[in-house]
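Right, one structure below, let's go through it.
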Amino acid sequence: MTSRQSTVSRPKLGTRDLVNIGVYTAIYYVVTFLGGMVGIVSPIGMFVGFTLSAIVGGTVIMLFLAKTPVMGAMTVLGLIVGVLMLATGHFWGCIPICAALGLVADLIVKAGGYHSRGHNIVAYGVFQLWLIGPFVPLFMNAKAYYEDMRGSMGAQYASQMSQIFTPAVVAIFIVILCFVGLFGAWIGTKLIDRHFAKAGLVS
């Protein structure tokens with residue numbers, strides 16, 4: 001994949017696109033979920049886990065965009081991610097947040113004609129801002145947020161979490177993850193050039 005991808009864009013979502021959305025959403029969500037699981041060991045682990053998942057997820061989404069050059073792909077992916085977050089016990093607001101940022105990502109990709117490496121990288125970085133979703137209750141009512149965590153994760157874990165993850169720290173961390181996402185997406189484009197394109201996975 002050079003600065004312009006050769007895959008032809010399509011006017012609307014088709015069966016093949018929906019299959020791609022299902023497959024890549026599952027992969028992306030598992031990568032993100034595993035990153036979050038690192039935080040179960042220690043709140044500090046959340047920084048490490050989400051940073052690594054943002055980098056690895058960059059390759060997943062870059063490959064997805066290369067194989068699914070159609071408006072709505074990122075919106076549907078975001079919507080499904082939001083539903084999965086709700087299903088795993090996270091804030092319901094993850095659904096509109098993920099879907100909205102997926103739409104923004106779609107518009108960025110579309111602005112690049114679906115074939116611009118730079119636009120795709122930026123789209124992924126912006127989409128990564130959805131990770132603020134699970135933390136929205138923290139901004140709304142920090143005391144209630146950590147009380148709920150105390151019941152599910154234990155008093156010691158909740159205490160450590162409250163000392164580290166203040167609203168300001170969370171906001172800064174999410175912005176950092178956006179830039180980490182840009183780096184991860186850039187790595188993804190390099191991997192596509194070196195491996196996936198040669199293997200015929202991307203035309």
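A Cβ is built for glycine as well, from the same backbone N, Cα and C atoms used for every other residue.
Bear in mind that TrEMBL entries carry predicted annotations, made automatically and left uncurated.
Marked as transmembrane segment by TrEMBL: 21-41, 47-65, 77-109, 121-142, 163-187.
Within its own chain, the transmembrane segment (47-65) has Cβ neighbours under 8 Å at 20-21, 24, 27-28, 31-32, 34-39, 73-74, 77, 109, 114, 120-121, 123-124, 127-128, 131, 173, 177, 180-181, 183-189, 191-192, 196, 201-202, counting only residues six or more beyond its boundaries. Comparing 21-41, 121-142, 163-187 for CB pairs under 8 angstroms to the transmembrane segment (77-109), the maximum falls on 121-142.
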